[in-house]
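J.: Sharing the features that Swiss-Prot gives for it:
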CARBOHYD  Asn225  N-linked glycosylation site
TRANSMEM  40-60  transmembrane segment
TRANSMEM  72-92  transmembrane segment
TRANSMEM  124-144  transmembrane segment
TRANSMEM  162-182  transmembrane segment
TRANSMEM  191-211  transmembrane segment
TRANSMEM  270-290  transmembrane segment
TRANSMEM  314-334  transmembrane segment
TRANSMEM  368-388  transmembrane segment
TRANSMEM  396-416  transmembrane segment
TRANSMEM  434-454  transmembrane segment
TRANSMEM  467-487  transmembrane segment
Amino acid sequence: MAKLGTMPPQHAAKPVDEHAARLIPEDSVPIQTQKPFTTLSAIGIGYGVTNTAVGIPLILSTAMPMGGSPQVFWGFLAMAAVGLATATTLAELVSAMPHPGGQYIWVNALAPKRYRRGLSYTTAMISWVAAVATGSSGNLSVPLNAFSIVTLLQPDFVYRRWMGFAAFQAINVVTCFGACFEHALPKLSKAFLLFNVVSVGVIIVALFAMADARTSAKDFFTTVNTSGWPDGVAFIIGLNGANWCFSCLDVATHLAEEIPSPGTNIPKALLWTIFIASTSGLLVVLAVLVNLGPVDVSDYSGIGIFYRITGSKAAAIGLWIPVLILVLASVWSIQTWQSRLAWTISRESGFPLHRHFSKIFPAPFYTPIWSLVGSAVGTALFGCLYLASELAFNSLIATGILLQYISYSIPTVLVLWQGRRNFRHGQFWYPRLGLVANFIMLAWTVVAFVFYCFPANAQVRPSQMNYVSGVLVVIATFIAALWILYARKNYRVMEI
């Protein structure tokens, strides 16, 4: 039976019984004393969310109409560079200040005293909403891509929104339960990492082995833009898909209390995640584009492309099922991500019901169960929006990646504002390369913030409109209202 106890904030860094999970009352910091993660399992859960190689077939339907093969190839390389810059930026910050709160803790440490609480809370809520929006996207992606198998076998099948909604909510419940057991998380993350690598290898070999023809050099490098936007604008808008393949990089930073030596192990996990993502993702990009043949805009769904290349429905389905399993696994990883954010924010009294959300449950869980449930409820509510309006739901989940970049940018700007030379850095620190990485990430944040608010087609109909900018205003209003009505009086960062 695990021991229960308290730990005052000023003593939170002292060695503790590694087998004890502590439930902490008011005026103390609830800490996670279980440290089952290693660098490898942190890579597994981080890459499990990023899911780069598996994500390539999923984003082709949105990327190919914006520029064809060059859009996918050069766009992937561009986003790999942005991903490396983002991972480097986060690695420097977590090396200096390892903490499961991540971005909002860094902001609290770096911001001027006058603005510290407000900026820290804003960053915290942006991070959490980004995680819930991303999880909602994954919850819907699984059933939509599962029903694509039905469509391949039965072309007259008519998808109904309630089908996706029911599957969305079922997946939300199952993955929430699967994230409840602390000591199972690293084992599952390593297992899924291995399954991911093997599946990607099988997909690459199968596409090359079963393709009847190869794409000509002319087709490979010919831009095919059917969006109505100028080629340059279409290219940037089309980067959204590849950008998702290098998103959610802060996941590993929120494991700081669940891994030994987080100041060194988490930066390693971040950079290894980018290396694995870039290598495996590029191989899948080449496997698809080299074997796709002449550009045909009729069907760029992932399973449709697998069928087109292999010429076999059975082979296409056989390759598609591992993709679905890995997308489902990414939703499980996201449940861990968003719950850890809710838990740490609750430790600072950032949520109503924070006394419940901040608790670490004893054996056999050792996890913040109420934070898991609360975050899953938030995801479920987002799913209800899908049932009401698919357009509103799509605009909401599209904000996920922008909110991530905003949460990364706030502490980065504060580091630059006070001067990198004055920053008390950790072991992972590159004075010049780190500065370049900071500017690349910030520059891309600005570009993405502008162009990701554009609709995919220049000749847009109301049913295709992009309401991301409006959703961002709603989210900002929600955070401001929560601050004024609750957090201004209750929120306090106790760790720093």
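If you go along the chain as it appears here, the first residue is 1 and each next one adds 1.
The backbone N, Cα and C atoms fix where each Cβ goes, and this holds for glycine too.
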J.: Same chain only, please: residues at least 6 beyond the ends of the transmembrane segment (270-290) with a C-beta under 8 Å from a C-beta of the stretch. Say none if there are none.
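T.: For the transmembrane segment (270-290), the nonlocal Cβ contacts are 39, 43, 46-47, 50, 52-57, 60, 69, 72-73, 76-77, 80, 83-84, 87-88, 90-91, 94, 196-197, 200, 203-204, 207-208, 214-215, 220, 245-246, 249, 252-253, 305, 309.
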J.: Let me spell it out: take the transmembrane segment (314-334), skip the flanking residues so only those 6+ beyond its ends count, and list any with a Cβ under 8 Å from a Cβ in it.
T.: 45-46, 48-49, 51, 54, 57-58, 131, 134-135, 138-139, 141-142, 145-146, 148-149, 152-153, 171-172, 175, 178-179, 188-189, 192, 195-196, 199, 202-203, 206-207, 210, 248, 251, 302-303, 306-307
J.: Under 8 Å Cβ to Cβ from Asn225 (N-linked glycosylation site), same chain, six or more residues apart: give me those in sequence order, or none if nothing qualifies.
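T.: Long-range Cβ contacts: Pro65, Met66, Gly67, Gly68, Asp231, Ala234.
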J.: So, do the transmembrane segment (124-144) and the transmembrane segment (191-211) meet, by the test of 3 or more Cβ pairs under 8 Å (sequence gap 6 or more)?
T.: no
J.: In the same chain, which residue numbers or ranges, 6 or more beyond the ends of the transmembrane segment (396-416), come under 8 angstroms Cβ to Cβ?
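T.: Contacts of the transmembrane segment (396-416) (Cβ under 8 Å, skipping residues fewer than 6 from its ends): 86, 89-90, 93, 103-104, 106-107, 110-111, 119, 122-123, 126-127, 129-131, 133-134, 136-137, 140, 240, 243-244, 247-250, 382, 385, 423, 438, 441-442, 444-445, 448-449, 452, 466, 468, 471-472, 475.
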J.: Can you find at least 3 Cβ pairs under 8 Å between the transmembrane segment (162-182) and the transmembrane segment (368-388), where each pair is 6 or more residues apart in sequence?
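T.: As far as Cβ distances go (cut-off 8 Å, pairs 6 or more apart), the transmembrane segment (162-182) and the transmembrane segment (368-388) touch.
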J.: Going by DSSP, give the three-state secondary structure for Asn225 (N-linked glycosylation site).
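T.: Looking at the DSSP assignment, Asn225 (N-linked glycosylation site) belongs to a strand.
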